[in-house]
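**Q** Dumping what Swiss-Prot says about this protein:
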type	residues	note
ACT_SITE	Lys66	active site, proton acceptor
BINDING	Ser15, Leu16, Ser17, Thr62, Asn87, Asp102, Tyr221	shikimate binding site
BINDING	Gly127, Ala128, Gly129, Gly130, Ala131, Asn151, Arg152, Thr153, Val154, Asp155, Lys156, Ile219, Gly242	NADP(+) binding site
Amino acid sequence: MKQLYGVIGNPIGHSLSPVMHNDAFEHLNMDAHYHAFLVKEEVLGEAVRGLKALGISGFNVTTPHKVAIMDYLDEIDPLAKQIGAVNTVVHKDGKLIGYNTDGIGFVRALQSISSKPLQEKRILLLGAGGASRAIYFSLADVGVKEIDVANRTVDKAKELITACKATVHSVALSLEKATEEQGNYDIIIQTTTIGMHPRVEHTPLQISSLNKGTIVSDIIYNPFETKILCEAKEQGAMIQNGIDMFVYQGALAFEMWTGRTPNIERMKQLVIRKLGG
């Protein structure tokens, strides 16, 4: 019988997940289908119960349901609980189990371009919202010891640092201070929406004094190269946009559901083509 997977959100028509996952199913000769479900906030509970009753094998969760979904699940993975958001649900033994692959997917993507283990790196996170939280906790979970957080509101950066129970050395910085200190970091990760289309001329941090070999990663993928990435490239940094994070988090969800490993590069090239790259 064909296995059913999907993604729930509102809006959902723009999602590239169905294209990516259905291509992977076809490539691996699997009898499965991935569908995008438009689910409004007021019917989230009914939708989740309906998906469970239909026997869905697993599904992704996107805006605006990543936090609210937690009330309707049977179990939640400890890391997802710590992050406070779920983006992947596995239906196993009659239970819906929630995970967060955003942060771990990002960590895998980052490690794929780093010549040394991330545990040896000093990292600066720009932003203190939901994406930053997922990445911070996931970096801490794999043993990264130095992660500073810069945010427009420094108190919010302090809150994020305080919430993490792992033994991480962290300092909360203003964006102005982070601009001054940028040369002290091996990796800079941009997690805000600043620089996203259509406001492409904006940047949270003016890149001016990076060390050779610094990695600058931006979770935005529209445009492919944000202003911060363009400036970093001019300084000789290695850059990475948000496509890698999107693909790796999707691949991790695919592995959780099926026990199979999809072709990451195939997924990435498909997404780039769909985005017009």
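Yeah, the Cβs are placed from backbone N, Cα and C, and that goes for glycine too.
How buried are these features, and what lies next to them?
**A** Listed in sequence order, Ala85, Val86, Asn87, Gly130 are the same-chain residues six or more apart from Lys66 (active site, proton acceptor) with CB atoms under 8 A from its CB. In the three-state DSSP scheme, Lys66 (active site, proton acceptor) is classed as coil.
Packing around Leu16 (shikimate binding site) is summarised by its Cβ count: 19 other Cβ atoms lie within 10 angstroms of its Cβ, all protein chains included. Under DSSP, Leu16 (shikimate binding site) is assigned to coil, being neither helix nor strand in the three-state scheme.
According to DSSP, Gly242 (NADP(+) binding site) sits within a helical segment.
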**Q** If I take the alpha carbons of Thr62 (shikimate binding site) and Val154 (NADP(+) binding site), what is the distance between them in whole Å?
**A** 27
**Q** Taking the Cβ of Gly129 (NADP(+) binding site) as the centre, count every other Cβ atom within 10 Å, in any protein chain shown.
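**A** Around the Cβ of Gly129 (NADP(+) binding site), 13 other Cβ atoms lie within 10 Å.
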**Q** State the count of C-beta atoms found within 10 angstroms of the C-beta of Asp102 (shikimate binding site), not counting that atom itself.
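**A** Excluding its own Cβ, the number within 10 Å is 28.
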**Q** Largest pairwise Cα distance, Å, within the listed NADP(+) binders Gly127, Ala128, Gly129, Gly130, Ala131, Asn151, Arg152, Thr153, Val154, Asp155, Lys156, Ile219, Gly242?
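**A** Value for the max Cα separation, rounded to a whole number: 26 Å.
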